[in-house]
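Enquirer: When I checked Swiss-Prot for this same protein, it listed these features:
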CARBOHYD  79  N-linked glycosylation site
CARBOHYD  466  N-linked glycosylation site
TRANSMEM  43-63  transmembrane segment
TRANSMEM  112-132  transmembrane segment
TRANSMEM  135-155  transmembrane segment
TRANSMEM  177-197  transmembrane segment
TRANSMEM  204-224  transmembrane segment
TRANSMEM  244-264  transmembrane segment
TRANSMEM  272-292  transmembrane segment
TRANSMEM  311-331  transmembrane segment
TRANSMEM  364-384  transmembrane segment
TRANSMEM  400-420  transmembrane segment
TRANSMEM  439-459  transmembrane segment
TRANSMEM  477-497  transmembrane segment
């Protein structure tokens, strides 16, 4: 029995009653994606898929870079509890809808959902550009709907790559290329918006991004290979195969919890609806867990999530929540306290793109040489170092002293955690669950950013003395990021201990076998 067959039995045999003939899928051979054979075709394919990560992160950077401009445009000034909603609303829907989008890709083909994601993102980016005269509420709604586009792009794009390459160095380098576009995408989105705000008006940046996303969607039609859909079985209904009950309860729980968390700073925990939303989210989480245990085709195949994967995902969540705090308050710091324009701020943050590129491909080279626990520990240390440099940074200081170093260090946390966690899950999951595998990583990464913004806003508003001491609030948020990243370091230590305990019996068994043969 092959390794994939063993994993397939673990995933589908939750109740011990389903074999390959009664599952959603056919053979693994039928599911393999045939990537372009020519070098130019393969490069074009990789570029189109990597652009999904770039435009997804650009959607975050295009508002964070011009938050003061948006505050003035919508008449809300520097109210951080309201401004934080513009990036948080986007990350919220990216993180919550990814799981369902990955399952749809598993059912109906990853290319179809991937291409649709580009066009959906283009449409709502275009609509958001017309929100200038409609107010912040309409703009925030557009941001929510914008986030659904990357929710379809990211898991299905990663699933396409995972199904196109066998485990090995080539696959790791391709995933590293995909991950390397995250920092550059953020900077690119910020630069586009900053240029538009300086020379025209901020909606021009959204119009440009909408055109780029539409072009990528057209390119995906021609350059992304066909992804065969699994053989349909008629034993179970679409409701069961899609796990609609799990989708509804899981997404509802994630949405309500995050909305409550991000609205709490503005309400200062005094309005009862905050607690109602929190309680409702916990109820939905409980229902989700119960439904998934009973589901024939669970949205999250918990049986396939080993302790190793759990440690990796928990570390990923801590690190990316720390990143959310780092990037949001870092950008606000340089503009509000150092008087830097959005355009110049983009230039100051631009070394992150180069650092991210180097970090990503370095990670691709060392993943086969270092244990995953070591890679994740380095990642967590980078997250912690970057936030610590921000938290202790004075206003009057050279750019090269702490700000530059922090900007160089942070991408190593991002780029080491992203491909490592993706490759671990991709290799551990069978082909038909690559969408779910990719969804878990992308869900945690993006949802953690939104959670980090929510927790950061709670700390910041509690410490800023009713807006009279913004710097104190910013530092409090950064120290929260330090704590989150430090938690990730502790988790990786437990992960390393777990790996060591697993390796000892295997080494003893190998030694005994050698003695016997001798």
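Placed from the backbone N, Cα and C atoms, the Cβ positions cover glycine too.
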Enquirer: Validating a neighbour-count step here. Other CB atoms within 10 A of the CB of residue 466 (N-linked glycosylation site): how many?
Expert: 6
Enquirer: Could you tell me whether the transmembrane segment (311-331) and the transmembrane segment (272-292) have 3+ CB pairs under 8 A, leaving out pairs under 6 positions apart?
Expert: no
Enquirer: For the transmembrane segment (177-197) and the transmembrane segment (477-497), decide whether they are in contact, meaning at least 3 CB pairs lie under 8 A, counting pairs 6 or more apart in sequence.
Expert: no
Enquirer: Count the CB pairs under 8 A between the transmembrane segment (43-63) and each of 112-132, 204-224, 364-384, 439-459, then give me the winner.
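Expert: Out of the listed stretches, 204-224 contacts the transmembrane segment (43-63) most.
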Enquirer: Tell me whether residue 79 (N-linked glycosylation site) sits in a helix, a strand or coil according to DSSP.
Expert: coil
Enquirer: Let me check one thing: do the transmembrane segment (400-420) and the transmembrane segment (311-331) come into contact, meaning three or more Cβ pairs under 8 Å with sequence separation of at least 6?
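Expert: Yes, the transmembrane segment (400-420) contacts the transmembrane segment (311-331).
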Enquirer: Give residue numbers and ranges for long-range contacts of the transmembrane segment (364-384): same chain, 6 or more residues beyond its ends, CB-CB under 8 A.
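Expert: Sequence-remote neighbours of the transmembrane segment (364-384) are 169, 172-173, 175-176, 308, 311-312, 315-316, 318-319, 322-323, 326, 409-410, 412-414, 416-417, 419-421, 423-424, 481-482, 484-486, 488-489, 491-493, 495-496, 498-499.
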Enquirer: Ranking 112-132, 135-155, 311-331, 439-459, 477-497 by the number of C-beta pairs under 8 Å to the transmembrane segment (244-264), which range is first?
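Expert: Per the Cβ count, the answer is 439-459.
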Enquirer: The transmembrane segment (477-497) and the transmembrane segment (311-331): do they have three or more Cβ pairs under 8 Å, with pairs 6 or more apart in sequence?
Expert: yes
Enquirer: Could you tell me what the rest of the chain brings near the transmembrane segment (135-155), counting residues at least six beyond its ends with Cβ under 8 Å?
Expert: 52-53, 55-56, 59, 63, 70, 74, 76, 82, 85-87, 89-98, 100-102, 104-105, 113-114, 116-118, 120-122, 124-125, 127-128, 213, 435-436, 438-439, 442, 446
Enquirer: About how far apart, in whole Å, are the alpha carbons (Cα) of residue 466 (N-linked glycosylation site) and residue 79 (N-linked glycosylation site)?
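Expert: Given the Cα positions, residue 466 (N-linked glycosylation site) is 11 Å from residue 79 (N-linked glycosylation site).
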